[in-house]
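Quick look at what TrEMBL annotates:
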{"type": "ACT_SITE", "residues": "C116", "note": "active site"}
{"type": "ACT_SITE", "residues": "H256", "note": "active site"}
{"type": "ACT_SITE", "residues": "N286", "note": "active site"}
{"type": "DOMAIN", "residues": "110-188", "note": "domain 'Beta-ketoacyl-[acyl-carrier-protein] synthase III N-terminal'"}
{"type": "DOMAIN", "residues": "240-327", "note": "domain 'Beta-ketoacyl-[acyl-carrier-protein] synthase III C-terminal'"}
{"type": "REGION", "residues": "257-261", "note": "region 'ACP-binding'"}
{"type": "TRANSMEM", "residues": "309-329", "note": "transmembrane segment"}
Amino acid sequence: MNKITAAITAIGSYVPDFVLSNQVLETLVDTNDEWITSRTGIKERRLLKEEGQGTSFMAIKAAQNLLEKANLNPKEIDLIIMATATPDMPVASTGVYVATQIGATNAFAYDLQAACSSFLFGMSTASAYIQSGKYKKVLLIGADKMSSIIDYTDRATCIIFGDGAGAVLFEPNTDGLGLQDEILKSDGIGREFLKIDAGGSILPASEETVKNKQHFVFQDGKTVFKYAVSGMADVSEKIMERNNLTHDDVNWLVAHQANKRIIDATANRMGVEESKVLINIHRYGNTTSATLPLLLCDFEDQLKKGDNLIFAAFGGGFTWGAIYLKWAYNK
Ligand code: UT7
(Lines of atoms letter the chains of each structure in order from A and count residues from 1; the text may use other names and numbers.)
(Lines give C-alpha, C1' and ligand atoms only; values in the text may rest on other atoms or scores of the structure.)
Protein backbone atom coordinates (compact mmCIF):
# COMPACT_ATOMS: atom_id res chain seq x y z
CA MET A 1 0.00 0.00 0.00
CA ASN A 2 1.15 3.54 -0.74
CA LYS A 3 2.25 5.72 2.15
CA ILE A 4 -0.55 7.71 3.83
CA THR A 5 -0.13 11.48 3.75
CA ALA A 6 -2.47 14.10 5.24
CA ALA A 7 -4.19 16.22 2.58
CA ILE A 8 -6.33 19.31 2.99
CA THR A 9 -9.64 18.41 1.36
CA ALA A 10 -11.94 21.28 2.43
CA ILE A 11 -11.66 24.78 3.90
CA GLY A 12 -13.94 27.42 5.43
CA SER A 13 -13.66 30.83 7.05
CA TYR A 14 -15.39 33.64 8.89
CA VAL A 15 -14.53 37.27 9.59
CA PRO A 16 -16.74 39.68 11.56
CA ASP A 17 -18.56 42.48 9.69
CA PHE A 18 -17.18 45.37 11.73
CA VAL A 19 -14.27 47.12 9.97
CA LEU A 20 -11.68 49.14 11.89
CA SER A 21 -9.84 51.26 9.33
CA ASN A 22 -6.54 53.11 9.66
CA GLN A 23 -8.55 56.33 9.41
CA VAL A 24 -10.56 55.45 12.53
CA LEU A 25 -7.35 54.42 14.37
CA GLU A 26 -6.01 57.92 13.61
CA THR A 27 -8.78 59.24 15.88
CA LEU A 28 -7.93 56.79 18.72
CA VAL A 29 -4.11 57.01 18.95
CA ASP A 30 -1.24 59.13 17.63
CA THR A 31 -0.76 57.39 14.29
CA ASN A 32 -1.55 57.83 10.61
CA ASP A 33 -2.56 55.78 7.59
CA GLU A 34 0.75 56.43 5.82
CA TRP A 35 2.84 55.11 8.76
CA ILE A 36 0.69 52.00 9.26
CA THR A 37 0.57 51.18 5.54
CA SER A 38 4.29 51.65 4.89
CA ARG A 39 5.45 49.88 8.09
CA THR A 40 2.99 46.98 8.11
CA GLY A 41 0.91 46.83 4.89
CA ILE A 42 -2.32 46.94 6.91
CA LYS A 43 -5.26 49.12 5.80
CA GLU A 44 -8.07 47.69 7.91
CA ARG A 45 -8.97 44.85 10.26
CA ARG A 46 -12.20 43.13 11.40
CA LEU A 47 -13.42 43.19 15.02
CA LEU A 48 -15.97 40.93 16.66
CA LYS A 49 -18.47 43.28 18.30
CA GLU A 50 -21.25 40.79 19.19
CA GLU A 51 -22.06 41.22 22.88
CA GLY A 52 -20.94 38.31 25.04
CA GLN A 53 -19.34 36.36 22.18
CA GLY A 54 -15.76 35.06 22.08
CA THR A 55 -13.44 33.12 19.81
CA SER A 56 -15.81 30.13 19.63
CA PHE A 57 -18.43 32.28 17.87
CA MET A 58 -16.10 32.78 14.90
CA ALA A 59 -14.67 29.24 15.04
CA ILE A 60 -18.18 27.76 14.83
CA LYS A 61 -19.03 29.94 11.84
CA ALA A 62 -15.80 29.00 10.02
CA ALA A 63 -16.41 25.29 10.70
CA GLN A 64 -20.03 25.58 9.53
CA ASN A 65 -18.87 27.30 6.35
CA LEU A 66 -16.54 24.33 5.69
CA LEU A 67 -19.23 21.74 6.45
CA GLU A 68 -21.65 23.45 4.08
CA LYS A 69 -19.11 23.87 1.25
CA ALA A 70 -17.93 20.25 1.57
CA ASN A 71 -21.42 18.89 2.19
CA LEU A 72 -19.93 17.03 5.17
CA ASN A 73 -21.88 15.43 8.01
CA PRO A 74 -20.23 16.69 11.25
CA LYS A 75 -20.76 13.26 12.83
CA GLU A 76 -18.02 11.93 10.51
CA ILE A 77 -15.33 14.11 12.13
CA ASP A 78 -12.98 12.17 14.44
CA LEU A 79 -11.01 15.00 16.03
CA ILE A 80 -11.14 18.81 16.28
CA ILE A 81 -7.97 20.74 17.05
CA MET A 82 -8.67 24.33 18.05
CA ALA A 83 -5.64 26.53 17.44
CA THR A 84 -6.05 29.73 19.44
CA ALA A 85 -4.24 32.17 21.71
CA THR A 86 -7.54 33.68 22.89
CA PRO A 87 -9.72 30.83 24.20
CA ASP A 88 -13.25 31.71 25.35
CA MET A 89 -12.18 31.16 28.95
CA PRO A 90 -9.36 29.50 30.91
CA VAL A 91 -9.66 25.77 31.67
CA ALA A 92 -12.83 24.81 29.73
CA SER A 93 -11.49 24.01 26.26
CA THR A 94 -12.92 26.18 23.47
CA GLY A 95 -12.51 23.35 20.95
CA VAL A 96 -14.74 21.07 22.99
CA TYR A 97 -17.55 23.64 22.99
CA VAL A 98 -17.12 24.25 19.25
CA ALA A 99 -17.29 20.50 18.52
CA THR A 100 -20.58 20.17 20.39
CA GLN A 101 -22.07 23.29 18.81
CA ILE A 102 -21.39 22.14 15.24
CA GLY A 103 -22.76 18.65 15.94
CA ALA A 104 -19.44 16.81 15.81
CA THR A 105 -20.72 14.40 18.44
CA ASN A 106 -18.31 11.58 17.55
CA ALA A 107 -15.22 13.76 17.75
CA PHE A 108 -12.93 14.52 20.67
CA ALA A 109 -11.44 18.00 20.79
CA TYR A 110 -8.84 20.15 22.47
CA ASP A 111 -7.04 23.50 22.18
CA LEU A 112 -3.48 24.06 20.92
CA GLN A 113 -1.55 27.23 21.79
CA ALA A 114 1.68 28.39 20.16
CA ALA A 115 0.84 32.11 19.69
CA CYS A 116 0.96 33.14 16.02
CA SER A 117 2.32 29.70 15.07
CA SER A 118 -0.68 27.88 16.59
CA PHE A 119 -2.21 27.00 13.22
CA LEU A 120 1.10 25.92 11.65
CA PHE A 121 1.88 23.67 14.62
CA GLY A 122 -1.72 22.41 14.45
CA MET A 123 -1.14 21.38 10.82
CA SER A 124 1.71 19.19 12.01
CA THR A 125 -0.39 17.66 14.81
CA ALA A 126 -3.42 17.04 12.57
CA SER A 127 -1.22 15.51 9.92
CA ALA A 128 0.51 13.17 12.38
CA TYR A 129 -2.87 11.77 13.52
CA ILE A 130 -3.86 11.14 9.89
CA GLN A 131 -0.51 9.59 8.92
CA SER A 132 -0.71 7.23 11.89
CA GLY A 133 -3.81 5.74 10.29
CA LYS A 134 -5.72 6.23 13.54
CA TYR A 135 -8.16 8.93 12.38
CA LYS A 136 -9.71 9.70 9.00
CA LYS A 137 -11.16 13.20 9.40
CA VAL A 138 -9.35 15.81 11.48
CA LEU A 139 -10.72 19.36 11.56
CA LEU A 140 -8.15 22.05 12.37
CA ILE A 141 -9.61 25.44 13.27
CA GLY A 142 -7.56 28.62 13.73
CA ALA A 143 -9.45 31.45 15.41
CA ASP A 144 -8.59 34.45 17.54
CA LYS A 145 -10.46 37.37 19.03
CA MET A 146 -7.38 39.56 19.37
CA SER A 147 -9.56 42.60 20.13
CA SER A 148 -10.25 41.02 23.55
CA ILE A 149 -6.59 41.40 24.59
CA ILE A 150 -5.59 44.62 22.82
CA ASP A 151 -5.32 48.02 24.47
CA TYR A 152 -6.83 50.49 22.00
CA THR A 153 -4.79 53.32 23.55
CA ASP A 154 -1.48 51.54 22.75
CA ARG A 155 -0.38 52.43 19.21
CA ALA A 156 2.37 49.80 19.30
CA THR A 157 -0.20 46.99 19.19
CA CYS A 158 -3.68 48.27 18.32
CA ILE A 159 -2.77 49.01 14.70
CA ILE A 160 -1.63 45.44 14.06
CA PHE A 161 -4.21 42.92 15.23
CA GLY A 162 -7.67 41.84 14.08
CA ASP A 163 -10.23 39.07 14.65
CA GLY A 164 -11.07 36.12 12.40
CA ALA A 165 -11.34 32.36 11.95
CA GLY A 166 -10.56 29.65 9.42
CA ALA A 167 -10.96 25.89 9.29
CA VAL A 168 -9.35 23.10 7.25
CA LEU A 169 -10.16 19.41 6.99
CA PHE A 170 -7.33 16.87 6.83
CA GLU A 171 -7.96 13.43 5.29
CA PRO A 172 -5.69 10.52 4.30
CA ASN A 173 -4.24 10.56 0.79
CA THR A 174 -2.34 7.77 -0.97
CA ASP A 175 -1.45 9.70 -4.15
CA GLY A 176 1.42 11.61 -2.58
CA LEU A 177 -0.59 14.82 -2.02
CA GLY A 178 -0.83 16.72 1.29
CA LEU A 179 1.81 17.47 3.90
CA GLN A 180 5.31 16.53 2.70
CA ASP A 181 7.73 18.00 5.24
CA GLU A 182 7.96 20.34 8.20
CA ILE A 183 10.54 22.31 10.17
CA LEU A 184 9.13 23.53 13.50
CA LYS A 185 11.11 25.58 16.03
CA SER A 186 10.74 27.30 19.40
CA ASP A 187 12.96 29.36 21.69
CA GLY A 188 12.00 30.62 25.16
CA ILE A 189 14.23 33.65 24.69
CA GLY A 190 11.15 35.26 23.13
CA ARG A 191 8.97 35.20 26.25
CA GLU A 192 9.85 38.76 27.29
CA PHE A 193 9.20 40.38 23.91
CA LEU A 194 5.61 39.37 23.16
CA LYS A 195 3.38 38.51 26.11
CA ILE A 196 0.48 39.23 28.43
CA ASP A 197 1.87 39.68 31.94
CA ALA A 198 -1.21 39.00 34.04
CA GLY A 199 -4.12 36.59 34.14
CA GLY A 200 -1.96 33.46 34.16
CA SER A 201 -0.58 31.42 37.05
CA ILE A 202 2.37 33.75 37.68
CA LEU A 203 0.31 36.88 38.13
CA PRO A 204 -3.40 36.12 38.63
CA ALA A 205 -5.95 38.87 38.02
CA SER A 206 -6.23 41.50 40.73
CA GLU A 207 -7.43 45.09 40.98
CA GLU A 208 -3.81 46.10 40.62
CA THR A 209 -3.21 44.12 37.38
CA VAL A 210 -6.35 45.58 35.83
CA LYS A 211 -5.36 49.11 36.86
CA ASN A 212 -1.87 48.58 35.38
CA LYS A 213 -3.31 47.28 32.09
CA GLN A 214 -1.39 44.03 32.48
CA HIS A 215 -4.08 41.95 30.80
CA PHE A 216 -3.28 43.42 27.40
CA VAL A 217 -0.69 42.30 24.84
CA PHE A 218 2.74 43.82 25.25
CA GLN A 219 5.07 43.67 22.23
CA ASP A 220 8.61 44.89 21.74
CA GLY A 221 7.96 45.16 18.01
CA LYS A 222 11.51 45.94 16.90
CA THR A 223 12.97 42.84 18.58
CA VAL A 224 10.17 40.54 17.42
CA PHE A 225 10.57 41.92 13.90
CA LYS A 226 14.29 41.11 13.88
CA TYR A 227 13.77 37.50 15.01
CA ALA A 228 10.75 37.05 12.73
CA VAL A 229 12.60 38.13 9.58
CA SER A 230 15.54 35.79 10.12
CA GLY A 231 13.51 32.93 11.63
CA MET A 232 10.84 32.71 8.96
CA ALA A 233 13.26 33.17 6.07
CA ASP A 234 15.71 30.56 7.46
CA VAL A 235 13.19 27.74 7.77
CA SER A 236 11.51 28.56 4.47
CA GLU A 237 14.81 28.44 2.61
CA LYS A 238 15.83 25.26 4.43
CA ILE A 239 12.62 23.39 3.65
CA MET A 240 13.06 24.23 -0.05
CA GLU A 241 16.66 22.97 -0.03
CA ARG A 242 15.77 19.81 1.84
CA ASN A 243 13.07 18.95 -0.69
CA ASN A 244 15.10 20.01 -3.74
CA LEU A 245 12.59 22.75 -4.59
CA THR A 246 13.74 25.67 -6.70
CA HIS A 247 11.83 28.95 -6.72
CA ASP A 248 10.17 27.75 -9.94
CA ASP A 249 8.86 24.65 -8.16
CA VAL A 250 7.14 26.70 -5.45
CA ASN A 251 3.65 27.72 -6.58
CA TRP A 252 2.57 29.63 -3.49
CA LEU A 253 4.05 31.11 -0.32
CA VAL A 254 1.39 31.00 2.41
CA ALA A 255 3.00 33.09 5.15
CA HIS A 256 1.67 34.33 8.48
CA GLN A 257 0.32 37.85 8.01
CA ALA A 258 2.04 39.87 10.74
CA ASN A 259 3.87 42.45 8.68
CA LYS A 260 4.16 42.79 4.91
CA ARG A 261 7.88 43.57 5.28
CA ILE A 262 8.50 40.22 7.05
CA ILE A 263 6.64 38.36 4.30
CA ASP A 264 8.60 40.20 1.57
CA ALA A 265 11.91 39.37 3.27
CA THR A 266 10.94 35.67 3.39
CA ALA A 267 9.87 35.66 -0.27
CA ASN A 268 13.13 37.39 -1.28
CA ARG A 269 15.27 34.83 0.54
CA MET A 270 13.33 32.04 -1.17
CA GLY A 271 13.66 33.77 -4.54
CA VAL A 272 9.88 33.48 -4.97
CA GLU A 273 8.31 36.18 -7.12
CA GLU A 274 5.63 38.53 -5.78
CA SER A 275 2.78 37.00 -7.82
CA LYS A 276 3.19 33.72 -5.88
CA VAL A 277 2.97 35.34 -2.44
CA LEU A 278 -0.53 35.18 -0.94
CA ILE A 279 -1.36 38.47 0.79
CA ASN A 280 -4.48 39.67 2.62
CA ILE A 281 -2.87 41.54 5.52
CA HIS A 282 -4.25 44.83 4.11
CA ARG A 283 -7.81 43.59 4.80
CA TYR A 284 -7.51 41.77 8.14
CA GLY A 285 -4.24 42.74 9.88
CA ASN A 286 -2.70 40.04 12.06
CA THR A 287 -5.43 37.58 13.11
CA THR A 288 -2.88 35.31 14.89
CA SER A 289 -4.15 31.71 14.48
CA ALA A 290 -6.46 32.59 11.59
CA THR A 291 -4.05 34.13 9.06
CA LEU A 292 -3.06 30.92 7.22
CA PRO A 293 -6.57 29.43 6.74
CA LEU A 294 -7.95 32.88 5.80
CA LEU A 295 -5.33 33.06 3.04
CA LEU A 296 -6.32 29.63 1.74
CA CYS A 297 -9.98 30.68 1.63
CA ASP A 298 -9.34 34.02 -0.05
CA PHE A 299 -7.19 32.36 -2.75
CA GLU A 300 -8.95 28.96 -2.99
CA ASP A 301 -9.96 29.59 -6.63
CA GLN A 302 -6.30 29.87 -7.68
CA LEU A 303 -4.96 26.79 -5.87
CA LYS A 304 -4.64 23.79 -8.19
CA LYS A 305 -4.25 20.09 -7.47
CA GLY A 306 -0.54 19.23 -7.21
CA ASP A 307 0.57 22.83 -6.48
CA ASN A 308 3.52 23.14 -4.09
CA LEU A 309 2.67 25.37 -1.12
CA ILE A 310 5.18 26.57 1.46
CA PHE A 311 3.53 27.63 4.71
CA ALA A 312 5.57 29.76 7.12
CA ALA A 313 4.86 31.44 10.45
CA PHE A 314 6.53 33.23 13.33
CA GLY A 315 4.99 34.05 16.70
CA GLY A 316 5.36 34.76 20.39
CA GLY A 317 7.30 32.38 22.56
CA PHE A 318 9.17 32.42 20.18
CA THR A 319 7.61 29.80 17.92
CA TRP A 320 8.14 29.46 14.18
CA GLY A 321 8.41 27.07 11.30
CA ALA A 322 7.70 26.10 7.71
CA ILE A 323 5.60 23.35 6.16
CA TYR A 324 5.71 22.01 2.61
CA LEU A 325 2.33 20.77 1.37
CA LYS A 326 1.01 19.60 -2.00
CA TRP A 327 -2.49 20.95 -2.66
CA ALA A 328 -5.00 18.13 -3.18
CA TYR A 329 -8.01 19.46 -5.12
CA ASN A 330 -9.33 21.88 -7.72
CA LYS A 331 -12.27 23.99 -6.61
O1 UT7 B 1 2.67 37.80 14.74
C2 UT7 B 1 3.50 37.74 15.85
C3 UT7 B 1 4.80 38.29 15.57
N4 UT7 B 1 4.74 39.74 15.48
C5 UT7 B 1 5.38 40.37 14.53
O6 UT7 B 1 5.92 39.75 13.65
C7 UT7 B 1 5.45 41.87 14.60
C8 UT7 B 1 6.86 42.32 14.42
N9 UT7 B 1 7.07 43.75 14.53
C10 UT7 B 1 6.59 44.65 13.63
O11 UT7 B 1 5.82 44.29 12.75
C12 UT7 B 1 7.07 46.06 13.69
O13 UT7 B 1 8.14 46.14 14.60
C14 UT7 B 1 5.98 47.09 14.12
C15 UT7 B 1 4.96 47.26 12.98
C16 UT7 B 1 5.31 46.65 15.37
C17 UT7 B 1 6.64 48.45 14.34
O18 UT7 B 1 7.35 48.86 13.17
P19 UT7 B 1 8.86 49.35 13.26
O20 UT7 B 1 9.27 49.71 11.90
O21 UT7 B 1 9.66 48.29 13.97
O22 UT7 B 1 8.72 50.64 14.13
P23 UT7 B 1 9.49 51.04 15.47
O24 UT7 B 1 8.87 50.36 16.64
O25 UT7 B 1 10.97 50.93 15.24
O26 UT7 B 1 9.15 52.58 15.54
C27 UT7 B 1 9.64 53.53 14.56
C28 UT7 B 1 9.10 54.89 14.88
C29 UT7 B 1 9.31 55.29 16.33
O30 UT7 B 1 9.55 56.67 16.37
P31 UT7 B 1 11.05 57.24 16.52
O32 UT7 B 1 11.58 56.67 17.80
O33 UT7 B 1 11.79 56.73 15.31
O34 UT7 B 1 10.86 58.72 16.53
C35 UT7 B 1 7.97 54.99 16.97
O36 UT7 B 1 7.73 55.78 18.11
O37 UT7 B 1 7.68 54.92 14.67
C38 UT7 B 1 7.00 55.31 15.86
N39 UT7 B 1 5.75 54.56 15.96
C40 UT7 B 1 4.61 54.94 15.40
N41 UT7 B 1 4.30 56.01 14.66
C42 UT7 B 1 3.03 56.11 14.20
C43 UT7 B 1 5.56 53.36 16.59
N44 UT7 B 1 4.28 52.97 16.43
C45 UT7 B 1 3.68 53.94 15.69
C46 UT7 B 1 2.38 54.08 15.18
N47 UT7 B 1 2.10 55.18 14.44
N48 UT7 B 1 1.40 53.17 15.39
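A Cβ is built for glycine as well, from the same backbone N, Cα and C atoms used for every other residue.
Features as recorded by TrEMBL, highlighted on the structure.
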{"residue": "C116", "record": "active site", "DSSP class": "strand"}
{"residue": "H256", "record": "active site", "DSSP class": "coil"}
{"residue": "N286", "record": "active site", "DSSP class": "strand"}
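A separation of roughly 8 Å, to the nearest angstrom, links the Cα atoms of H256 (active site) and C116 (active site). A Cα-Cα distance of 9 Å separates N286 (active site) from C116 (active site). In the structure as shown, the Cβ atom of C116 (active site) sits within 10 Å of 28 other Cβ atoms.
Mean pLDDT of the predicted structure over the domain 'Beta-ketoacyl-[acyl-carrier-protein] synthase III C-terminal' (240-327): 98.
Other Cβ atoms within 10 Å of the Cβ of N286 (active site), summed over all protein chains shown, number 24.
Of all the Cβ atoms in the protein chains shown, 28 others lie within 10 Å of the Cβ of H256 (active site). In the domain 'Beta-ketoacyl-[acyl-carrier-protein] synthase III N-terminal' (110-188), helix, strand and coil residues by DSSP number 22 helix, 34 strand, 23 coil.
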